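Quick notes on the structure that follows.
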Amino acid sequence: MAAAAAKIAPSMLSSDFSNLATEAQRMLDCGADWLHMDIMCSHFVPNLTIGAPVIESLRKHTKAYLDCHLMVTNPLDYVESFGKAGASGFTFHIEAARENWNELIQKIKAKGMKPGVSLKPGTPIEEVYPLVEGENHVDLVLVMTVEPGFGGQKFMPEMMDKVRRLRQKYPSLDIEVDGGLGPSTIDAAASAGANCIVAGSSVFGAPEPAQVISLMRNRVEGVKAAW
Ligand code: DX5
Ligand code: ZN
């Protein structure tokens, strides 16, 4: 099976939200494949960000793949509105969907979005295997490499064991990592088998975001033959 292609997804959480459309276009011009959108409710994480109305506004300005990461307690409640708003990917947290992930995946697909599942650092990787293997399966697994809630935290290298085990089991799965990714941590993530790389502060904080994006893409493409 063909290895999954590198996808670099700047996290718009680190952008200037007052100029979201311009920031999104700037990232695409710098070579971003996806735009990562962090949706947080303050029950699931100690922070509050954006909802479907913002996705809907942004969608009017771009055709880009909007990779929505929902850090919310009731993801099922958001499927309809995110589908209508024009989200491309809908990645929910397993910790918030242990009772209803099957129904959730079906509804996400019915609304024309790509389902993904994410897990917090403390959640064992085995918990997501049934979601990758089921008849209604997710297209992406997002392994959090920080505690969700805020940008600018330190990458947790011990999460790479989860990525390695997933990659061994699923050679062509989209495996995403999120939190603390940048030039100094990309090699650990890429060699473990991650192909979708979310990066906020390292990209937005760089004088030349295009260089950081291309460096990360090259590192993933360079090691994937060895997965
Ligand atoms: C954290 C978010 C991340 C965050 C990453 O909960 O899911 O997407 O914005 O930011 P950096 O790359 O700065 O760690
Ligand atoms: Zn995220």
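For all residues, glycine too, the Cβ spot is worked out from N, Cα and C.
In the three-state DSSP reading, S201 (substrate binding site) counts as helix. If you take the C-beta of S201 (substrate binding site) and look for same-chain residues 6 or more apart in sequence within under 8 angstroms, you find S14, G151, G152, G182. The substrate binding site feature in TrEMBL is assigned to S11, H69, G149, F150, G151, G152, G180, G200, S201.
Secondary structure from DSSP puts H69 (divalent metal cation binding site) in a beta strand. Using a 10 Å Cβ-Cβ cutoff, H69 (divalent metal cation binding site) registers 26 neighbours. What TrEMBL records for H36, D38, H69, D178 is divalent metal cation binding site.
Note on D38 (divalent metal cation binding site): other Cβ atoms within 10 Å of its Cβ, all shown chains, come to 24. Feature annotation from TrEMBL assigns active site, proton acceptor to D38.
A strand conformation is recorded for D178 (divalent metal cation binding site) in the three-state DSSP classification. With a cut-off of 8 Å between CB atoms and residues at least 6 apart in sequence, the same chain places S11, H36, H69, S118, L142, V143, M144, T145, V146, V198 near D178 (divalent metal cation binding site), listed in sequence order. Under the heading active site, proton donor, TrEMBL lists D178.
D38, H69 are the binding-site residues among D38, H69, G151, S201 whose C-beta comes within less than 6 Å of an atom of ligand 2, given in sequence order. The CA atom of G180 (substrate binding site) is located 15 Å away from the CA atom of D38 (divalent metal cation binding site). Those residues noted as binding substrate (S11, H69, G149, F150, G151, G152, G180, G200, S201) have their most widely separated CA atoms at a distance of 17 Å. Here the Cβ of S11 (substrate binding site) has 24 other Cβ atoms within 10 Å, regardless of which shown protein chain they belong to.
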